[in-house]
Structures are given as C-alpha cells and as structure tokens.
Amino acid sequence: MWTYEKKLMYPVKVSTCNPTLAKYLMEQYGGADGELAAALRYLNQRYTIPDKVIGLLTDIGTEEFAHLEMIATMIYKLTKDATPEQLRKAGLAEHYVSHDSALFYNNAAGVPFTAAYIQAKGDPIADLYEDIAAEEKARATYQWIIDQSDDPDLNDGLRFLREREIVHSQRFREAVEIISEDRDQKKVF
Amino acid sequence: MTHEKTPFRRSFTPFRGLYDPCPPLLKKTYVVPPNLFIGFQPPDFPQFSAIDALKTGTLWTPFYDYYDNPYKK
Ligand SMILES: [Fe+2]
C-alpha cells in the first residue's frame, strides 16, 4: 500500500503562457520513456526480481508517480486557461476535439499510451538493463524539452526531474552489481 | 553550483557533405552523465547542504549535472 502526501515533490512554476510546451511535456506524461511508463515498469518488475533489489524498484517506481504528478501539474497550468484557438495554435486542436483540456496519456505526437512501451522479461539482468536504458532515455527527453523551452521556471522543475533520472540510473547500475556478486564469497574490490 | 563548465559533455563534428542544404552545425554535443563513471557509490561521499539537495535533486555532489541547451547563443 501507499501513503499519499498532498504536495508536489518539487514546486512547479510556469511563468510564460505557452501551451505548446504542454504538448512537448506530454512526451513525459504518456510517452514511451515517460513517467507513467517508468512507474508501471518498475512496480511490475518487483515481483520477479531478486529480494535484495525489490525495495529499490518500489522506491523508484513510487517516485516516478510523484514525477508524473509534477508533469501533470505543468501541463494543466499551461492549458487550463487556453482558449480553443490558443490550443489550435499550439498544435493541440486534435487533443482538444477529443479531450477538451483534460489531460490524457498521449505522447507529444498524440499517440496514446500502450503497455507495449514497457517490458518484463523475468530475467533480472535483462530487466535491470532495460531500466537503466529507460532512465537514460528519460534523461535525454528532459534535455530535449529543456532545449525547446525558454521558460526559466519550467526548466527549473525539468532540471530537477532530469537530475533524478541520473540518480535512478546510478541506483539501477548498483542493483546490477548487487545481484551479480557471489554471495558465498567475500571479495574485496 | 549551477553554471560552471561540466565535465559531463562530449562533442563531435558531423560529416559535412558538399551539397548539404543547411549551414553546418559544426559541433554536435552529447551528455555522458556522472553515473557512467562512479560505479558503486563509495562510503563518505560528499554531500550538498539539505537545501541545495532539495533544489538540485540529489544529496550527493558528484551526481549533480546542471543541464542547459548547448546550442543556445
Ligand atoms: Fe526515473
């Protein structure tokens, strides 16, 4: 089970009215390397991974939902006051005709989320390597969004999220080392 | 803490053809994040202050990498 804290992991501030940025942020909302995919991937892999790293997957998977909530807040702030015309100019007319300004798990190109984005191979090394790759892809996606955005406050939040991906990748790399080491032998590296 | 030159960037010069339509980009940069170089986190790793840790997204200074658009003029 989970406990919920009714606040964001990091304060979300957006200072320019630029709904186009909401469209880009959807890549991290419902995209292949987005926060939803990350959370679902890790929390689902927990059941078939060696005990020593289950807790890590729980922690990171849970944190990804906190990131998802930040992305949702960014998208919401950027679209909540936008008129249909502004959304059209932002390339979000297709989104509008289907969802109004409701959030939906689409990527930046409007492709809906699918479970096919994630994997659970059941092989611990294969799964952890996929997780490392997923973190690097999420880090890169944040970079490309920062490159496209000139909102300093939004970028501040995106930089925080990007840094978390670096730390997650580090922890998954450590998880590989933990499950690779030979339990019966004491080794000093 | 934020804007100093990072050791976590590399770059290369893409091949330039005779008839490429756009002015050359000259340098293409990419990121090599800190997690590539550290291995298992050693004991007594240097830390940020609590407030800087909350701001940057990591408690550990060696994992910190500030990112900005490398093509910005
Ligand atoms: Fe992550």
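Please read every residue number as a count from 1 along the shown chain.
Cβ from N, Cα, C; glycine included.
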TrEMBL annotation, Mn(2+) site containing A:E64, A:H67, A:E135, A:H168 - matching residue among A:E5, A:E27, A:E35: A:E35
Contacting binding-site residues for ligand 1, chosen from A:D59, A:E135, A:H168 when the Cβ sits under 6 angstroms of any of its atoms: A:E135, A:H168
Additional residues around Mn(2+), ordered along the sequence, whose Cβ is within 8 Å of the centroid of A:E35, A:E64, A:H67, A:E135, A:H168: A:A38, A:A39, A:I60, A:E63, A:A138, A:L161, A:R164, A:E165
